[in-house]
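> Below you will find the structure I want to go over with you.
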Amino acid sequence: MTNDTQRPSGRQANQLRDVRITRHYTKHAEGSVLVEFGDTKVICTASIAESVPSFLRDRGQGWLTAEYGMLPRATHTRSDREAARGKQTGRTQEIQRLIGRALRSVFDLEKLGARTLHIDCDVIQADGGTRTASITGAFVAAHDAVAKLLATGRIESSPITDYVAAISVGVYDGLPVLDLDYDEDSQCDTDMNVVMTGAGGFVEIQGTAEGVAFSRDEMNALLDLASDGINTLIAKQKAALEQKSE
């Protein structure tokens, strides 16, 4: 695909931002990652609790849940902490539920045993795509947490059934483009977030037109872009997980 339109970043239409996945970013959590999609930076941690929610008690399976938040100055202007306001926004609740659903799609929760894997995604700098970066980084953090369960003999086999990652796509200046940054996201005609597994299955597709409806052909082009982008992200996840721990 050629760069037939001028993206604010100068990237090709099918070009991801620079993606970095840094494991063992903090020392206390069983799994921790700094994930960077260009200037979007998210700390993802995975913590193990030897208990399950009440609705799963005595059912012999585990649970995975996620929380998401942004530092007050992660964006251009400071926002109040949600804890100070005493209430999470609808956006925050939507995103953390999405992260949880995405990761649960590749977990056999019975193999996890009667324990909970808590995923925390904290955005330290936002430039578009925070939810997709969170999912991509959180999977690696969860993988490291599971590795510790295996290493200590607390589980016999991995509950992880596949990889999962996410990316944004959109129609910008009439052209389908991959991995929207803030400037593109705020000006695009269509914005879509796509979550996929390593096997190529779709976990979630969130698509919205902004003023101009998109066609079936445009949707197919966006999904093709997303699929290629997610394949690249999963390759980066695998490369990060192959690196030896210090």
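Note: Cβ is positioned from N, Cα and C throughout, glycine not excepted.
Straight from Swiss-Prot, here's the annotation block:
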{"type": "BINDING", "residues": "R91, G129, T130, R131", "note": "phosphate binding site"}
> I need the neighbours of the phosphate site defined by R91, G129, T130, R131. Which other residues of that chain put their C-beta within 8 angstroms of the C-beta centroid, in sequence order?
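My list of surrounding residues reads Y68, I95, V123, A126, G128, T132, A133, S134, N193.
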> So, in DSSP terms, is R131 (phosphate binding site) helix, strand, or coil?
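SS state of R131 (phosphate binding site) = helix.
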> For the phosphate binding residues given in the record (R91, G129, T130, R131), what is the largest pairwise C-alpha separation in angstrom?
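Largest pairwise Cα separation, rounded: 13 Å.
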> Would you say which of the binding-site residues R91, R131 has the most Cβ atoms within 10 Å of its own Cβ?
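Compared across R91, R131, the most Cβ atoms within 10 Å surround R131.
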> Of all the binding-site residues given, G129, T130, which residue's CB has the most CB neighbours within 10 A?
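By the 10 Å Cβ neighbour count, G129 comes out on top.
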> Look up R91 (phosphate binding site) in the DSSP assignment and report helix, strand or coil.
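DSSP call for R91 (phosphate binding site): helix.
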